[in-house]
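Trainee: Sharing a structure with you now.
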Amino acid sequence: MSDTKYIFVTGGVTSSLGKGIIAASLAKLLQARGYRTTIQKLDPYINVDPGTLNPYEHGECYVTDDGAETDLDLGHYERFLNVRTSQANNVTTGRIYQSVIEKERRGEFLGKTVQVVPHITNEIKERIQILGNSGDYDIIITEIGGTVGDIESLPYIEAVRQLLWELGEHNGIVIHLTLVPFLSAAGELKTKPTQHSVKTLMESGIKADILVCRTEHNISEDIKEKLALFCNVRKEAVIQSIDASTIYDVPLLMQEEGLDTVTLEKLALPNDTEPNLDQWKEFLNRHKNPKDKVTIGLIGKYVELPDSYKSIQEAFIHAGAANEVDVEVKSIHSEHLTAKNIDKKLKGLDGILVAPGFGERGIEGKVNAVKYARENNIPFLGICLGMQMAVIEFARTVLGLDKSNSTEMDKETPDPVISLMEEQKSITDMGGTMRLGSWDCHLKEGSLVEQVYGSSDIEERHRHRYEFNNKYKEQMEEAGLVASGLNPKTGLVEVVEIPSHPWFVGVQYHPEYKSTVASPHPLFVGFVKAVLTHKQKQNNASLA
Ligand code: GLN
């Protein structure tokens, strides 16, 4: 067994407590002390991956360099740690069963009855240890999705119990995240739900080493003592996690509470160095003290649930801090945008982003939004479907191909400016069959994007099936929509821009996945900068 140390993060009382943010914050503190740290998420649902899930279910589907479609918590891990994740960082029940069943079909279990214990639990244990055995990390934080006591998380809890026993003392610990609710009628914080969830964990043979208690009010010393006594942990191991104004405050709040110190003590690791969080604090300082403000419209169809566009929202926070400007992202439902009401709905926006998406719902609204941005010289960024809509709008309005469309929306269109690649045509399985993960892209010399990236060769992550149809490339370029980024191997168009417009860029890939606190994405930084310039120009014009 390797020397890697394991931290398991479980959740009690209720879901949505923010286990991902706590795990990412602890990882940040450990990384800032020099420990090579990564995080893994185990999801108890039966989908093989979240790629086939509607964003309304679990929010955005996050994509890694290696093309894994994963839980959005992996986005937080990358944004906090600036370390790339991969397929190994996200495991679902679907994937576990798929792999065990495939082994059974190959006869690998030598005639044995295949059961939840030990076969499913062994598979879970193996998946947890893959990252540890790579030798790349000192500490692995494994977040168990769901809430203890759920039927579906039982095999995970049993796998953790076995692993803790096998790893031995100080090599594996459990952090249990709970809720300490405030009852306004009684005027009190209540500890009972936490006591019950710790008890549920104990019934499965697991003792929590550290309690992180989510709360809306400060937890007094008395309550900490009570929680410690009844939950069988030391008082220093009862950590308050109070609501924060931004998720980026949480690492510092956890440091104040001593989460990293108590974690290192429990793992018998030296804790004498102070975490170096200078860069993090500088980012926070810029984020909290903006010198100006801009409003960007996010045109999408899943806007009711902010988590649907999580990475885009976070990329704007990073780019805002880089430009020392507060970016207000105004979500606008594309289904409600018509040629008639567009002026009213988009008036006052300093920039427009048309979001990624699938299917027909709301696309005409997106086309209208592109047209508005293009004709009014408003800085525009189109991502994936947003780029495709920009191409369609250009074909319809400028080239006069008024029935042009993507074959995703209209199979019979006479002008399929966005269409399927030959390889995609025979695919019937929906899971994991899109163009996924990191692809090279070469940027045209002298283009806006080349200037924005400060480089002509980039790698970006994809998640789509449809592509720019190269048959229309020449015609589009002659009319002023330039293909300024190409895949060097296939010639597929990855970026389009309009040089006669102040800032109009459409990208077939998803830049938002790669933006982190330490390294804000150049395209978002450039876009926000252009938006700010546009706003200042408008202000000056109205003053003149
Ligand atoms: N639906 C489009 C496609 O599959 C765009 C996907 C996206 O925006 N991620 O090509």
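Just so it is clear, glycine is given a Cβ too, placed from its N, Cα and C backbone atoms.
Automatic, uncurated: that is what TrEMBL annotation is.
So TrEMBL lists the following for this protein:
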- CYS384: active site, nucleophile (ACT_SITE)
- HIS510: active site (ACT_SITE)
- GLU512: active site (ACT_SITE)
- SER15, LYS190, THR191, LYS192, PRO193, THR194, GLN195, LYS226: UTP binding site (BINDING)
- SER15, ASP150, ILE151, GLU152, LYS190, THR191, LYS192, PRO193, THR194, GLN195, LYS226: CTP binding site (BINDING)
- SER16, LEU17, GLY18, LYS19, GLY20, ILE21, ASP73, ALA244: ATP binding site (BINDING)
- TYR56, GLY357, LEU385, GLY386, MET387, GLN388, GLU408, ARG465: L-glutamine binding site (BINDING)
- ASP73, GLU143: Mg(2+) binding site (BINDING)
- 5-269: domain 'CTP synthase N-terminal' (DOMAIN)
- 305-529: domain 'Glutamine amidotransferase' (DOMAIN)
- 1-269: region 'Amidoligase domain' (REGION)
Trainee: Give the sequence-ordered list of residues that share a chain with ILE21 (ATP binding site), lie 6 or more positions from it, and have CB atoms under 8 Å from its CB.
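Mentor: Within the chain, ILE21 (ATP binding site) has Cβ neighbours under 8 Å at HIS76, ILE247, VAL250.
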Trainee: Just the number: how many Å between the Cα atoms of HIS510 (active site) and ILE151 (CTP binding site)?
Mentor: 36
Trainee: From the recorded positions listed here (LYS192, GLY357, CYS384, LEU385, ARG465, GLU512), select those whose CB sits under 6 A from an atom of ligand 1.
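Mentor: Cβ under 6 Å from ligand 1: GLY357, CYS384, LEU385, ARG465.
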Trainee: Going by C-alpha positions, which of the recorded positions (SER16, LYS190, LYS226, ALA244, GLU512) is nearest MET387 (L-glutamine binding site)?
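Mentor: Given the candidates SER16, LYS190, LYS226, ALA244, GLU512, the nearest one is GLU512.
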Trainee: What's the CA to CA span in angstrom from TYR56 (L-glutamine binding site) over to THR194 (UTP binding site)?
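Mentor: Here the two Cα atoms are 29 Å apart.
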Trainee: Averaged over the domain 'Glutamine amidotransferase' (305-529), what pLDDT does the predicted model reach?
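Mentor: The answer is 94, the mean pLDDT of the model over that range.
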Trainee: Tell me which of the recorded positions ASP73, GLU408, GLU512 sits in the most Cβ-dense spot, judged by other Cβ atoms within 10 Å.
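Mentor: Highest number of other Cβ atoms within 10 Å: GLU512.
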Trainee: Work through the recorded positions one by one (LEU17, GLY18, GLU143, CYS384) and name whichever has its CA nearest to the CA of LYS226 (UTP binding site).
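Mentor: Result for LYS226 (UTP binding site): the nearest of the recorded positions is LEU17.
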Trainee: Do you know offhand how many angstrom separate GLN388 (L-glutamine binding site) and LYS19 (ATP binding site) by C-alpha?
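Mentor: The separation of the Cα atoms works out to 36 Å.
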Trainee: Under 8 Å Cβ to Cβ from GLN195 (UTP binding site), same chain, six or more residues apart: give me those in sequence order, or none if nothing qualifies.
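Mentor: Expected: LEU227, PHE230, CYS231.
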Trainee: Rounded to a whole number, how many Å is the Cα of ILE151 (CTP binding site) away from the Cα of SER15 (UTP binding site)?
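Mentor: Approximately 14 Å lies between the Cα of ILE151 (CTP binding site) and that of SER15 (UTP binding site).
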Trainee: Find the longest CA to CA distance in the recorded L-glutamine-binding set TYR56, GLY357, LEU385, GLY386, MET387, GLN388, GLU408, ARG465; express it in Å as a whole number.
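Mentor: So the maximum pairwise Cα distance among the L-glutamine binders is 23 Å.
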Trainee: Determine, using Cα-Cα distances only, which of these recorded positions is closest to GLY386 (L-glutamine binding site): GLY20, ASP73, LYS192, GLU512.
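Mentor: Given the candidates GLY20, ASP73, LYS192, GLU512, the nearest one is GLU512.
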Trainee: Need the DSSP three-state call for SER15 (UTP binding site) to compare against my parser.
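Mentor: Going by the DSSP assignment, SER15 (UTP binding site) belongs to neither helix nor strand, so it counts as coil.
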